[in-house]
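Listed in Swiss-Prot for this protein:
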- CYS122: active site, proton donor (ACT_SITE)
- LYS22, ASN23: phosphoenolpyruvate binding site (BINDING)
- ARG98, ARG127, PRO128, VAL129, ASP130, LEU131, ASP312, ILE334: UDP-N-acetyl-alpha-D-glucosamine binding site (BINDING)
- CYS122: 2-(S-cysteinyl)pyruvic acid O-phosphothioketal (MOD_RES)
Amino acid sequence: MDRIRIVGGAPLDGTIRIGGAKNAALTLMPVCLLTDQPVTLTNLPDLADIRTMAALLGQMGVGTLLNGAESSAGRHIDLDASGLSDTTAPYDLVRKMRASILVLGPLVARHGRARVSLPGGCAIGTRPVDLHLKALEALGAHIELKEGYIHASVEGRLKGAKITFPKVTVGGTENALMAATLAEGETLLENVAREPEITDLALCLRAMGAKIDGIGTGTLRVEGVDTLGGTSHAVVPDRIETGTYALAAAATRGRLTLTGTRLDLVESLVDHLRRAGVVVTAIEGGLEIDARTSALTGVDVMTEPFPGFPTDMQAQWMAVMSTARGASMITESIFENRFMHVPELSRMGADINIHGGSAIVRGVAGLSGAQVMATDLRASVCLVLAALAASGETIINRVYHLDRGYERVEDKLAACGATIERLRD
């Protein structure tokens, strides 16, 4: 099992190109199931989860062709579902990645049936799919749970409906939106998630011929159409990768230029960084992060749905706050059990106490390298940031989590002065 070795203590200095958003790409890939025309996605990140989704679609009979490699324009994938032969998403693939549930809505909407294994791929508390299923039932789908599978079917077409989500759900919004594009009549989706990845999905669907109003707001109005066409669509920049490398600059008191990204994707994080003492400047085609001349100050955060502070940045923020002046409170309001990185940070000398859904972080003079273990994707990169800031050597075990969400992380950091290498057993 791969490990990552880091010798920390040196400030980062250089340029990192931000890739396409993993969460957007995983949502966009299933749109091919809504049409018999080719769909091309560009600016695609090269990640394990992307390959898993491609394998899942391929097993259903979708033509999948991945191209490109290290080019600055990013990879692209050609998808063709005209020869779809199966509407089952099997356990052996779905268990690796919960985003697999996003094939459910498109399959039912266009093909009238789907059999999808209950998802896996994440160790962050309970992430139920009941809101996905209730939304599809509201559109007329018949849902049964049998032997670990979701069985969904509809006679004829789905029917438009008014759906008000009881709480904001990203995946539920995405599944309902895709299904509604081919439903008969109008669908009103209220209290929807407003993440940039959902805006990206809606813009892609609109380019395919979907009739969607309210993009970027909390209410989406969808007028169903008979068919959708193909399209070519560039995946939105990855705001979580953007934020992670911005925090890497802060953690090491360094300077990084991030290209291929946008300020509007990370405004909440940037606001918190500036309050902590980091200089963030919007430049053409990206951002410049400069933490060289300031002693960072502890700043409280509470995770919230977009446009609030993202839950996927909580662990990384904690790593930075571990060496900031004073104390900070980090409150996790989205997922339960998302402080699994705290014991590992504590092994490196961090002073953190958990009280319910909040963690109190008291900044220390410095962290020390140690043997640590990654428990999930964001905890993995949190430990990378802590190791970059720490004195001495850190070995991070179980980094397969890291490969699910970050492309060539060791190469990008090494190019900016980090002493980092992957150890293969």
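Cβ coordinates come from backbone N, Cα and C, glycine included.
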Neighbour count (Cβ, 10 Å) for ASP130 (UDP-N-acetyl-alpha-D-glucosamine binding site):
11
Cβ contacts of ASP312 (UDP-N-acetyl-alpha-D-glucosamine binding site) (under 8 Å, same chain, 6 or more positions away):
ILE240, ARG378
Three-state secondary structure of ARG98 (UDP-N-acetyl-alpha-D-glucosamine binding site) from DSSP?
helix
Report the member of LYS22, ARG98 (the binding-site residues) whose C-beta atom has the most other C-beta atoms within 10 angstroms.
LYS22
With every protein chain in view, how many other Cβ atoms are within 10 Å of the Cβ of ILE334 (UDP-N-acetyl-alpha-D-glucosamine binding site)?
21
Distance, LYS22 (phosphoenolpyruvate binding site) to LEU131 (UDP-N-acetyl-alpha-D-glucosamine binding site) (CA atoms, angstrom):
22
Listed in sequence order, residues with CB under 8 A of ASN23 (phosphoenolpyruvate binding site) and six or more positions away:
ALA99, VAL170, GLU195, GLU197, ASP238, ILE240
